[in-house]
Structure formats: C-alpha cells, structure tokens
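What TrEMBL records for this protein:
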type: ACT_SITE; residues: B:Asp119; note: active site, proton acceptor
type: ACT_SITE; residues: B:Asp293; note: active site, nucleophile
type: DOMAIN; residues: B:41-394; note: domain 'tRNA-guanine(15) transglycosylase-like'
type: REGION; residues: B:298-302; note: region 'RNA binding'
Protein chains: 2
Amino acid sequence: MQQYSKFDQFLMEKYPLKEEYLNDPDRPVIYELLHVEKHTGARLGRIYTRHGIVHTPMFMPVGTQASVKNVSPRDLEAINTQFILSNTYHLWVRPGDDLIAKAGGLHKFMQWNGPILTDSGGFQVWSLAKNNKISEEGVDFKNHVDGASMFLSPEVAMRIQNNLGSDVMMQLDEAIPYFETYDYVKNSVERTTRWAKRAKIAHARPNDQALFGIIQGAGFKDLRRLSAEGLVDLDLPGYAVGGLSVGESKEEMNRVLDFTVDWMPADKPRYLMGVAAPDSLIDSAIRGIDMFDCVLPTRIARNGSLMTKNGRIVITNGRYKDDFSLIDADTEDYGSQNFTKAYLHHLFKANELLGQNIASVHNLRYLLKLMEEMREAIYNDELIEFREQVLEDYGYNKPNARLF
Amino acid sequence: MQQYSKFDQFLMEKYPLKEEYLNDPDRPVIYELLHVEKHTGARLGRIYTRHGIVHTPMFMPVGTQASVKNVSPRDLEAINTQFILSNTYHLWVRPGDDLIAKAGGLHKFMQWNGPILTDSGGFQVWSLAKNNKISEEGVDFKNHVDGASMFLSPEVAMRIQNNLGSDVMMQLDEAIPYFETYDYVKNSVERTTRWAKRAKIAHARPNDQALFGIIQGAGFKDLRRLSAEGLVDLDLPGYAVGGLSVGESKEEMNRVLDFTVDWMPADKPRYLMGVAAPDSLIDSAIRGIDMFDCVLPTRIARNGSLMTKNGRIVITNGRYKDDFSLIDADTEDYGSQNFTKAYLHHLFKANELLGQNIASVHNLRYLLKLMEEMREAIYNDELIEFREQVLEDYGYNKPNARLF
C-alpha cells in the first residue's frame, strides 16, 4: 500500500478525511483544497480515489508497459509513491487491454494497489506509430511493435481504459506541435472538445473511473479559453493542460499556464502533462497545478544521470570511479543510503543492471521528496523562498549548467 | 544481515554455537560437523566465518562483478542467502582490486555483509581471456575487456583476493578439459600442488581469510589421490573439488566424487565448484560435499527459465500469456508470491527488466530453499526419500524432459 511521508501524515491529522468523500458512490475522484499559499496562490490539496488518498501537488512515476522501468511495486512503495501513470497505447498493443481485464485490471495485473492514471494513447500514436492519419472519427495507424493496422477513436480509448480500470482516464486528444497555425489549432481544439463529449458518452464505468478532459490551444490565449470553456461545460471530474512541455521555452509554458489555469475549475484537480524539471514543477504549482508526470527521471537514470539536491550527477563520469561517498546522502532511497558513487559507477561501467534499478529508484525518490517538501512549503506560505533555495542548490543560477 | 530459515534457527538452538570457534583469532573459517545422515553419510554442518555462520550443505549465488546480476543485496537477504561467490578475474580487470581495497574491501563495496568466497581467476583466464600461455610461473593473457596484457600467478591471485578481503579465497589452479591425457593431467596436478604451496606462502592475511586448495585430476583415481594428498599436506582450512561439471556425465562426476571425498579432511569444508542442478546438488551432498556455487540459476533466469519444484518453466512460452496463477506458489520470494505468470510473461515479451529481477530472485530462492530442505532431510535421516521426491517432482524421471 501507499506510504505517507511524515508531513503527509501530519496533514491527515490536521485535516481529517471527509467521510462523505471517502464513500461517495458516484464520484471516483474528488479534489479537496486544504490550503492556498499566501503569496502565490499555489494549492495544497488532496485527491480521494478508489485506491487511496493522495496529497497534491504531486508527481506520478511512469510505468509505460505496466512496469515502472527497473523498479518494482515494492520499490515504489518504499519511496512513498502516491500515484503512477501507465500508457494506454503500449498496453493496448501488448499485452492487450482484454488480457489485462481478464487479469482483474491493471492494478492487479502489475500489483500496484495505489491509484493509476492512464493517458489516452493519442500521444504515442503520433510519436511512435507509423502512417497515422487523423479524421473526425479518430486516428488510423500502424503500431510500432508488429506494424499491425489499428484505429484509435475517443470511444476506443475509453473502452481500453475501462478495461484497464485506471482511476483517472484521459480523453483522446490530438497531440500537435507547439508552433502550428492559428487555424489548424482552432480546428484541432474544436475537434478535441467534440472528442471529449464522445468520450464522456462512451465511458462505461463513470462511478469507478474519472475521465479528465485535456485543454489544448498551443500558445493562443483565446483558443486555450475556447478549449477550457468547452470542456468545463462537460463537467468532467478533472482537467489537464496538454500541449505544453513539447519544445516551447519555460517562459512560454509559464505564460500559457498563467491564463489557462484561471479557466480551470478550482474544485477539481489540475494536471500538467509531461513535466519533471524541478523549476517547472515549482513554477507550475505556483500557477495552481496539482498533478504532474514524466518519464524523465527513469529515462535519464538508465544513462546514469542522477537528480540530486545539488544538481545533476553523471555517475559514469571518471571522477566518480573512486568516490566512496554515498550516492546521495540527502535522498532516502535504499540505494542512495547504502551504496557509494564508486560502486554505482562500477555497476554502470560493467553493464550490471542493478545500477539502473538503483539510479531509477533514486531519481524517483528525489522528485517525490521535492514534491513532499513543496507541499510543506505551501502549507508554511514559504513557496517563493523554497523555489529560490531549490533552484540555487540545483544549479539553475549557474551559467551553462547542464541540468539533466 | 543474513537471515535464517526456521529450520536453521532450530539448528542454532539445538546445537549452540561454540564460543571458541566464534572467537578463534587464527582460524577465519571453521567447520563444525553437526550430524551425519544415517543411510548416506551426508553431512549436516556449520561454517563459522568472520561475516557470519552458515549451515551446510549450502549453495552460493554468484555475483561475478560484485553484483549478483539483477539482484540487490536486500533481495539476497530476503531469500535467506547465506554465502555468495564473486569472481577475482572480473574484479581484477574492472574496477580493479586496488580500488576495492580502497573502498574497504568487497563486502563494503557491494554492501553484502555475509560471507564471500572468491575464486582464483584461473577459470576465466582460460574461458574468457585471449592468448593465454601457461608456464610454471603463471599465466600470461590478454583480458576480454580492453585486451590489455596481464599476468596471473599464484602470488598475484593471492594479492588480488587479499585486497578483495573475501572470507574464502581459492588457490590458482589450471582449468583443464575433462578428457586430457594422463601425462598432461599428472603434470598439471603436480603444478597445481606447487602453486598451492606458493599461494599459502604469499597469503598476507591468513587470520582474516581462509585459503582453500583445489583437488584436480580429471577422471584418474590415482591423480585425484595424488592431488588430494599433496594439498592436504599443506593443512589448508578447506578443500574444493575442481575440474568437474565441465561436460562429463553425471555418473562420471559421481564416480570421481565417490573416491575423492574420502581423501578430503572430515573436519574441513568440502566445496564442489560450478554445480546447481538439483540432482547433482543432492547426489554430491550424499557423497559428503558441503558447498556449491553456479551461475546457472541467474543465467537461465535472464532468458525466462524458472526452476520450480515441478520442473522448468519457460515463461516466454505462449501458454503463460493468460495464466493468472502465481509465478510459483511453492517458493517464497516476493515476485513469486505477488505476480502472475501472465505478468512475468508480459515483462519478458515487452523487454521490461523487472522480469529479469523477478526471475533471478526466484531461481535463487528455489535453490536456497532446496538446500534448506536438504539440510532438514539430512537431520531427519531421510535424504534418500528426499532425493526420490525432488527428482520425481522436478521431472527427472520423465523421458526426454528438458530440465534447464
């Protein structure tokens, strides 16, 4: 089961759980606002799900193929993982959503008993699959595993996710490049809203699983508003901001969040997809975001990059060959507290896969701890000071720093 | 720290530890015979080391490059691992024994606090390295990593192992094919005995680390005797039988063990190198062997082969795609008790490395449990019945069974 940090335990005592939220038969996901940071408006909150309670803002490790790469569910629990994400497209292609339904759902299949969010599959259809062709009905494509022709529509995305049984499902949207023409984006936004309506109608288990809408609109303020208003009309249990962190600058992302979040309901969770950089996590929380996910921590771990309080460490670098200090004394995962940098360096140099496990768990714990500390900073109305300290320590203020 | 099975805990109570063995300043490895099986002569015993007490007969997982592949020290502890083996040749080549000495020794470097046995490096010089050339002095070769010229002698093997700080060190011997001429084997055996003398002289830490001799002689009874007698004259703290499990038949191995073990001191541990097949483990214990090691369980695990009470399972086989039974209800490792065969099948098919961890830990636990049960069978004087049951269940009696 999920484990809570000391501060999260304190929050549980300070703000007792609401009985009516715990047992609401109709709403599988309920957001509770606990505190608004005085200087920024950042939200300290709580999400009730059928698989546990999580505090926000929070970060979700990504388990693409029903496994967070190189990390076991037991490892996830040990570092206080609250929520994970898994990818609809990958599970649909292999092993198939029917098989996972037969297994009793994704939680049971992968033995993760905390909440799970699944994406719609749309992003991978654009980034991984071949020959994709979009129409009002959906997307035709050939999958990246065996090249078979497949068709993804709002209804298919729901059927798959209903089979997976995730706590939060995402509507199918179109993943578009950031810099598209106004007309293209406008058409795409309008279609995404129509797809959201179809998704809501197709949703077979609304009392068990919460469908989130995805606000698109690239950098166009009026289109973000159009998107948000169309989706909010559908009264979905949560909303995501999509189409960010796809190559635009951080300033641009913050600019879009600044106005987009204002149109998102305050009584529902707000999710920013695909973000894990420490500065972006803090800056987005400042703008009112509650949920994040990204493959970054586990992906860079597999190449030996560690995220630490004091910035990036590339453990394969020769300087660590005889560095007998702990991997990261500030981070409480098993590996960081037990092995030296020299040992982890050796594991990577010798292609011993234990190294990938140690580095992956480490990076996840770094981010989960950052979020725990962020929640505490929000509670204490010290988020600006927290931001300055984290960025200074991590090296954001150094010229030419390679951060990841 | 090492964890003991219930039966081993019972043995600890039944046969209280000997104070004088625990605190012997001169002998880093002491063997204590607890019980001789009535019908076979198999030995239930105990080995005292500077890093803990282990019960025998026992099996040592192999951590070639200071890591049991895909398995963390914590995983090893959780399955009651008593003793592990690491490879001198690999550690010498990378990261280097000097570096491990600087790290405080191999136990500290890899964070395994139980006992460690290191081989001499000789076997890998013959199986992995290139251009090897043997002389009375030692072996010239080029290593398999960067092709650098290196020289391994009895003295160098001791220096490396003294740097590693293993509990049991092996003398350098010559690894020869099983079917060599009598004259070649005789010369080799005599040289191995001379090398053992040189090793003993070169040993810098005899009070901390126990040097074992290796009895060679292929299938020649008189040469096995010549080898054993020469080595026993040196009064080493333990002895291994080398040159078996290298392609000869099981009957041949048993034949050689039958006479060789008689010349090995009864008050010292007896180690058979490179064996993990269930029938060979039992048949060798019946002949008086106490210690075993082999890469087999972790190597076949990486290809998806699982050792179970009821024989081999190849988890990548299509029949397991929708088999929602536990991986192995009879084996108590975390993976086997929590995940289904269908999930493990999926992990292997999707190249998710968590699968290798689950399968590796599983196979090790299978073997460690087999040894635990074997010790209990010896204690109960029921080893023959135990052998029949294990072989029947595993499938040895089925025609054409693929066992591994």
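Yeah, the Cβs are placed from backbone N, Cα and C, and that goes for glycine too.
TrEMBL: automatically predicted annotations, no manual curation.
Sequence-distant contacts of the region 'RNA binding' (B:298-302), counting only residues of its own chain at least 6 positions beyond either end whose CB sits under 8 Å from a CB of the stretch, comprise 61-62, 68-71, 356, 359-360, 362-364, 404. In this structure, the CA atom of B:Asp119 (active site, proton acceptor) is 11 Å away from the CA atom of the residue listed as 'active site, nucleophile'. For the domain 'tRNA-guanine(15) transglycosylase-like' (B:41-394), the model's average pLDDT works out to 97. Under the three-state DSSP scheme, the residue listed as 'active site, proton acceptor' falls in the coil class.
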